[in-house]
């Protein structure tokens with residue numbers, strides 16, 4: 001294992017990655033560079049710096065990636081109205097390519113010959129991190145401790161930590177959190193423990209970002225989102241940076257019990273997994289984006305996007321953000337968004353996001369003179385519909401005649 005001289009570790013400062021840090025130093029006899037990403041998880045990150053220093057780490061990166069995360073990853077994904085398996089808004093999946101990108105950049109900056117992560121050998125994240133890393137640097141070495149070591153239980157991790165003087169928070173000594181959680185500006189996820197029984201209802205005190213819809217305010221709240229080229233740029237008339245806008249939508253959505261999801265999903269590695277998610281701001285954005293597209297996109301373009309979306313969602317879920325097919329599809333999606341300009345009004349009420357209005361001063365394809373049920377002064381000739389129907393019925397009539405002859 002002496003071929004590794006320096007490794008960049010995706011480091012949270014928690015129990016798992018702190019054990020990994022020490023394990024890398026001992027097993028590979030290498031220098032470790034730590035990288036901690038701030039993508040809006042809401043945790044204090046400076047303790048990670050202090051922990052890394054305690055292990056003798058000299059190069060410590062703590063990067064605020066919130067703006068880049070929302071601008072270059074979340075918003076491009078939402079231009080496609082992306083949903084995996086009908087429900088999941090891909091909050092964890094979309095964060096991984098950014099972390100992989102920064103790992104590779106830091107490896108280049110520090111002349112490291114390897115990168116490492118704390119994803120387990122059972123999950124999707126190992127695939128996402130590593131596909132991203134190889135796509136950006138095909139010659140990088142990747143160390144995945146969970147696929148190499150024998151510390152496969154919490155008891156073994158704690159024993160290793162105690163043996164090597166790794167600080168352990170009291171919650172871990174007492175059994176740890178009842179859930180495995182992952183958070184960023186788009187969502188927070190919960191897995192493990194009693195959630196592994198898909199028949200068991202999630203406990204109410206699990207949810208952290210949203211109130212129960214039953215306990216949400218009895219009065220609805222209205223908001224208006226302005227779009228430019230498919231991306232939201234302002235909320236209630238105030239222009240905001242992408243990460244600020246999403247954070248405020250998270251606050252508003254959480255207040256009204258919006259964005260809860262209890263899902264059994266198909267992991268890329270082959271198993272089914274139950275997870276619970278809170279995505280309040282993303283749930284609002286999905287509804288708003290579809291609303292502004294409804295009046296600014298040509299019908300066939302909109303339907304084509306809907307046809308392609310599941311494939312696009314799978315690319316992200318499975319870790320192919322940096323693949324040539326995702327980049328090609330993104331170019332098509334972005335082209336369609338040139339006319340997606342205007343505003344959407346929505347009402348938030350007890351877990352529901354209700355569109356109450358939408359308009360575009362520059363790109364609306366809604367023509368009230370044609371769409372009206374009143375006298376349209378000849379804008380639409382009803383007689384044309386007869387020929388349209390006959391031509392579209394031709395193949396149906398031919399098939400019916402054939403059946404009648406049998």
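Cβ from N, Cα, C; glycine included.
Take the ATP site that Swiss-Prot assigns to 10, 11, 12, 13, 14, 15, 16, 17, 18, 118: the candidate from 37, 107, 135 listed for it is 37. The candidate list 180, 294 contains one residue that Swiss-Prot assigns to the L-citrulline site with 88, 93, 124, 128, 189, 265, 277, namely 180. Binding of L-citrulline is attributed in the record to 88, 93, 124, 128, 180, 189, 265, 277, and the widest Cα separation among these residues amounts to 19 Å.
Around the Cβ of residue 18 (ATP binding site), 26 further Cβ atoms fall within 10 Å across all displayed protein chains.
In the three-state DSSP reading, residue 120 (L-aspartate binding site) counts as coil. The CA atom of residue 93 (L-citrulline binding site) is located 8 Å away from the CA atom of residue 125 (L-aspartate binding site).
Of all the binding-site residues in the list 88, 120, 128, 265, the shortest Cα-Cα distance to residue 16 (ATP binding site) is found for 120. Of all the binding-site residues given, namely 125, 128, 265, 277, none has its Cα within 10 Å of the Cα of residue 10 (ATP binding site). For residue 125 (L-aspartate binding site) paired with residue 118 (ATP binding site), the C-alpha to C-alpha distance reads 9 Å.
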